[in-house]
Structures are given as C-alpha cells and as structure tokens.
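Novice: Encoded as structure tokens, here's the structure I'll be asking about.
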Amino acid sequence: MKMIVGLGNPGQKYAGSKHNMGFMVVDGLAKRLNLTIDKLEFDAATATTRLNGEKIFLVKPQTFMNASGRAVRELMMFYQIQLDEIFVVQDDMDLTLGKLRLRKRGSAGGHNGIKDIISATGSDEFCRLKIGIQHPKRQRVVDWVLTPFSKTDQPLIDDAIEKADDALEDWLNGMPFDQLMNKFN
C-alpha cells in the first residue's frame with residue numbers, strides 16, 4: 001500500500017495559492033492516473049486505485065494546513081498504512097522557485113502542515129517532496145503563501161509540478177528512494 005498526501009488548504013479561496021502546491025501536484029498525478037479525488041473520508045478528499053498490484057491512495061486533507069496530521073493519522077490507522085508507505089508533498093519557502101527536494105525524514109523546517117503530521121504520527125520518518133516557492137522579499141509570509149503565483153512564474157511552476165509528478169510515478173512504480181533523490185534533487 002502507498003499513500004501520497006498533498007498539503008494545502010481547502011476551498012476556492014485558496015485554490016492556486018503557493019501554499020496549495022501539494023494539492024496541485026496530487027491533482028496532476030490524479031489526472032495522469034485518470035482518477036478523481038472526490039471521496040470524502042477522515043477529513044480528507046481521497047482517490048484510490050491499484051498499480052502494479054498495490055493499492056494506492058491519493059489524499060488531500062480537508063482540514064486547514066495546520067491540522068493536516070489528523071487526516072493522515074486517521075487514514076493510516078483505518079487502512080493500516082505504515083509510515084514508510086507515505087509520501088507527503090509540500091511547498092517550501094527556503095527553496096528557490098520551482099526547485100524540487102526529496103527527503104526521507106527530518107524536522108518540519110518551519111512548515112506547520114509537516115509539524116502537525118509529525119505530531120499526529122509521532123514520527124518524522126516519512127518521505128517528503130518539497131517544491132520551492134521561495135521566500136518573500138518584503139511581503140509578510142502569511143500573505144505570500146496564500147497568494148497565487150504570478151503569470152510570469154506560472155510556466156516554471158507548471159514544469160515543477162510535471163517533474164514532481166514524474167518523481168511520484170517513479171516511486172509508485174518501485175524506484176528506490178535513494179535513486180529518486182539522485183534523479184530529482
């Protein structure tokens with residue numbers, strides 16, 4: 001079993017915002033797999049399929065970002081999903097715009113959605129795919145992450161989403177994580 005969790009905030013108000021990068025990536029992967037993420041369970045919108053004989057979950061928590069851990073924990077418990085079967089997709093202000101970084105484990109690095117997942121699961125031992133949204137120069141962080149990308153930045157973001165979905169597909173198809181890091185970092 002494998003579960004890919006895209007972090008974001010629910011609702012039209014936040015659609016396309018920088019903080020919803022995880023949602024955008026998971027939506028792109030769902031499109032590739034001909035899935036619709038529309039089943040509501042455990043405070044999350046989910047879709048399931050089978051790939052190479054393995055059950056796959058795509059998840060978009062429907063709590064706000066800072067409470068994402070509850071949905072992740074409840075899905076893990078109900079479906080008996082292990083931490084090493086989880087891949088979380090997140091935005092990262094410390095990375096340049098559109099840059100990908102894959103990590104096997106680690107601290108939240110200031111990301112409240114990741115912090116809540118670590119708190120809810122009791123561990124930081126889960127895979128992450130971070131996509132750079134870069135740090136705001138003069139704008140307040142909360143305003144920065146909740147605004148959409150500029151039209152000039154959008155092509156770079158679209159390319160980053162494609163690469164992120166390539167990485168997730170490779171993982172779903174069994175590529176070892178160390179190879180993923182070498183290929184996409």
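Every residue gets a Cβ built from N, Cα and C, even glycine.
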Novice: Quick check: of Asn112, Asn173, Asn182, which does Swiss-Prot put in the same tRNA site as Tyr14, Phe64, Asn66?
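Specialist: Among Asn112, Asn173, Asn182, only Asn112 appears alongside Tyr14, Phe64, Asn66 as tRNA-binding in Swiss-Prot.
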Novice: What is the interatomic distance between the Cα atoms of Phe64 (tRNA binding site) and Asn9 (site 'Discriminates between blocked and unblocked aminoacyl-tRNA'), given in whole Å?
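Specialist: So the Cα of Asn9 (site 'Discriminates between blocked and unblocked aminoacyl-tRNA') lies 5 Å away from that of Phe64 (tRNA binding site).
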Novice: Within 8 Å of the centroid of the Cβ atoms of Tyr14, Phe64, Asn66, Asn112, which other residues of that chain place their own Cβ, given that this set defines the recorded tRNA site?
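Specialist: Here the non-site neighbours turn out to be Asn9, His19, Thr63, Met65, Ala67, Ser68, Gly113.
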Novice: Looking only at DSSP and grouping its letters into three states, which state does Asp91 (site 'Stabilizes the basic form of H active site to accept a proton') belong to?
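Specialist: Assignment for Asp91 (site 'Stabilizes the basic form of H active site to accept a proton') reads strand.
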Novice: Out of Asn9, Asn66, Asn112, which of these recorded positions shows the lowest number of other CB atoms within 10 Å of its CB?
Specialist: Asn66
Novice: Would you please pick out, from the recorded positions Tyr14, His19, Phe64, Asp91, the one with the fewest other Cβ atoms within 10 Å of its Cβ?
Specialist: Phe64
